[in-house]
Each structure stands twice: as structure tokens, then as C-alpha cells.
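Asks: What TrEMBL records for MET43, GLY192 is substrate binding site. The ATP binding site feature in TrEMBL is assigned to ARG119, SER165.
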Amino acid sequence: MNHLEKIVNNIRIKSPLVQNITNYVVMNSTANALLAIGASPVMAHAIEETEDIVTISSSLVINMGTLSEKWVDSMLFATKKAKETATPFVFDPVGVGASKYRTATALKIIAAAIPDVIRGNASEIMVLAQQASSSKGVDSTMLAADAVSGAIELSKKLNNTVVVSGQVDYIITGDRVNTISNGSTLMSKVTGMGCSATAIIGACIAIEPDVHLACTAAMAIMGIAGDMAAELSKGPGSFQVHFLDSLYLLTDDILKDKIKLNV
Ligand SMILES: Nc1ncnc2c1ncn2[C@@H]1O[C@H](COP(=O)(O)OP(=O)(O)O)[C@@H](O)[C@H]1O
Ligand SMILES: Cc1ncsc1CCOP(=O)(O)O
Ligand SMILES: [Mg+2]
């Protein structure tokens with residue numbers, strides 16, 4: 001069994017606790033995605049419990065989809081505690097560039113504690129890489145390929161892993177670039193697919209110390225579950241149900257057979 005398949009198995013065996021400070025839109029769907037793949041989600045954003053929850057968690061997901069100042073305080077406190085306890089964390093800069101507040105907050109979060117992983121769509125990563133100054137909202141207007149050179153620079157500057165999602169997903173750690181070409185266009189017609197990708201990265205970095213490999217596994221899991229679900233779906237509604245089932249039914253053998261990976 002190769003390393004990517006082992007990551008899938010280990011999530012099921014270890015069921016890592018993944019703390020999420022995430023947005024109102026996707027709390028339910030990302031918790032369900034984590035459960036379906038075998039991880040154990042907890043959505044906890046009160047600053048009063050942040051230290052306790054970070055301490056018992058195996059990874060932390062910070063998602064700025066529906067921001068307000070109290071939540072930002074919790075995010076900053078959580079990432080500080082994550083650094084102190086060597087808990088890996090992934091940051092989803094949802095909609096960065098859509099408002100001055102979002103951009104300022106994303107930069108504040110990254111400056112306070114460098115995330116082990118940043119996962120965004122092409123528009124979001126281009127704003128963080130200073131290759132664009134604004135974005136339309138939470139959906140990308142660019143192709144992932146357009147964001148690759150900026151993502152490489154960003155990853156080198158931060159010494160971390162940057163994942164650009166889209167029709168093709170790019171997993172970038174400095175000059176190391178893996179691509180995953182699984183997935184379906186239906187994934188862009190359901191809210192929270194990017195947030196689910198970020199949450200599943202959370203599950204993978206919780207059990208795999210090679211962050212580049214962990215992110216590759218996570219994007220393969222997302223893409224293959226998307227392929228499986230699309231085959232059974234009539235549209236976005238049934239896709240959501242089949243997607244959760246596909247995450248649940250995904251095995252190491254399915255991953256090995258279906259993965260479209262370029263290293
Ligand atoms: N056209 C597409 N074809 C295949 N997979 C896609 C497509 N669009 C999005 N995805 C997948 O959907 C997930 C969310 O990606 P994306 O839409 O870029 O994020 P966001 O929802 O944050 O904008 C990723 O797993 C990505 O691979
Ligand atoms: C629609 C929306 N608005 C604020 S957060 C959010 C969810 C975005 O989720 P995703 O980026 O995964 O589609
Ligand atoms: Mg998103």
C-alpha cells in the first residue's frame with residue numbers, strides 16, 4: 001500500500017479530532033464530510049474554550065467565510081495556541097479580496113501565525129499572492145492554473161504548503177508541485193465544496209506529518225468522491241447526498257484505481 005492510501009486508512013483507524021472555527025454556511029456540511037471520511041469534527045468558536053479544544057485536537061481548521069470581530073479574536077487565539085502545542089493548522093481565506101475587511105483579516109491571521117497550509121480557489125490565492133487586488137465574492141473567476149506562479153511564490157515566502165483548487169488542484173510546497181485532476185463541474189454548483197476540501201486537509205494533516213503528501217491525499221479524496229458522486233447524481237441536490245456517501249465508501253483500493261495524480 002502506498003503512502004496516500006495509508007493516509008485514508010489511518011484517518012479511519014485513528015479518527016483524529018479536528019477543531020473547526022468555520023462559517024455558518026458550511027458548519028453542517030463540513031462536519032458531515034469529516035465524519036464520512038472517518039475523522040471526528042468539533043465546531044468550537046467561543047474564545048473561552050479555544051485553549052481547551054486546541055489542546056485536545058489533532059489539527060485546526062480556520063475558515064473566514066462569515067467573519068465578525070469576536071470570531072477573528074478566537075481565530076487569532078486558536079492559531080497562537082496551535083503553534084504553542086505544535087498542532088498543524090490549515091487556513092481557508094474565503095472571499096479574500098471581496099472586501100477590505102476580508103483582505104485585512106486574512107493578512108492579519110497569516111501574519112500572526114503562518115498556517116501549515118493555505119487552501120483557496122484561484123481568485124483567493126491570487127489576492128494573497130498580490131497578483132490580484134480584488135475578487136468577485138467567494139467563487140473564483142480565474143482558473144487554478146492562473147494562480148500557480150503566485151502560489152509558488154507565496155509558498156516560498158511563507159515556507160508552507162499552498163493548495164489552489166479548481167478543475168485541476170495544485171498542491172504546492174515551494175518548487176514541489178503535485179496536481180490532482182479528479183472531480184466534477186457539479187462541485188462548483190454546491191456551496192461548501194472548497195470548505196470541505198479545507199476540512200479534509202485538516203483531517204489529513206492531523207495524521208500525516210508530510211504536509212505536502214497529506215494535502216495531495218486530501219485533494220485526491222475530494223476529487224474521487226466527486227467523480228463517484230457525479231456518476232450517480234442528477235444535479236447539485238442529489239450530488240450532496242451522493243458526495244457524503246462516496247466519502248464514506250471510499251477505500252484505499254478505490255483511491256489507487258481512480259486517482260489522477262501528476263507529481
Ligand atoms: N470544474 C471542476 N472540475 C472538477 N473539480 C472541481 C471543479 N470545480 C471545483 N472542483 C473541486 O471542488 C472543490 C472545491 O474547489 P473550488 O470550487 O475551487 O473551491 P471554492 O468552493 O472554495 O471556490 C475542490 O475539491 C475542487 O477540486
Ligand atoms: C457562500 C458563502 N458565503 C460566505 S461563506 C460561504 C461558503 C463558501 O463555501 P465554498 O467556498 O466552499 O464554496
Ligand atoms: Mg471557498
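Positions of Cβ are set from backbone N, Cα and C atoms, glycine also.
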Asks: For GLY192 (substrate binding site), which of the three DSSP-derived states applies: helix, strand, or coil?
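Replies: In the DSSP reduction, GLY192 (substrate binding site) maps to coil.
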Asks: Between ARG119 (ATP binding site) and GLY192 (substrate binding site), what C-alpha distance do you get in Å?
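Replies: GLY192 (substrate binding site) has its Cα 13 Å from the Cα of ARG119 (ATP binding site).
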Asks: Pick from MET43, ARG119, SER165, GLY192: which of these binding-site residues has the biggest number of other Cβ atoms within 10 Å of its Cβ?
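Replies: When each Cβ's neighbours within 10 Å are tallied, ARG119 leads.
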Asks: If you check the binding-site residues MET43, ARG119, GLY192 one by one, which have a CB less than 6 Å away from any atom of ligand 1?
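Replies: None, as no Cβ falls under 6 Å.
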Asks: Roughly how many angstrom lie between the C-alpha atoms of GLY192 (substrate binding site) and SER165 (ATP binding site)?
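Replies: One finds 13 Å between the Cα atoms of these residues.
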Asks: Between the Cα atoms of MET43 (substrate binding site) and SER165 (ATP binding site), find the distance and write it as a whole number of Å.
Replies: 23
Asks: Tell me which binding-site residues (MET43, ARG119, SER165, GLY192) have a Cβ under 6 A from ligand 2; sequence order is fine.
Replies: GLY192
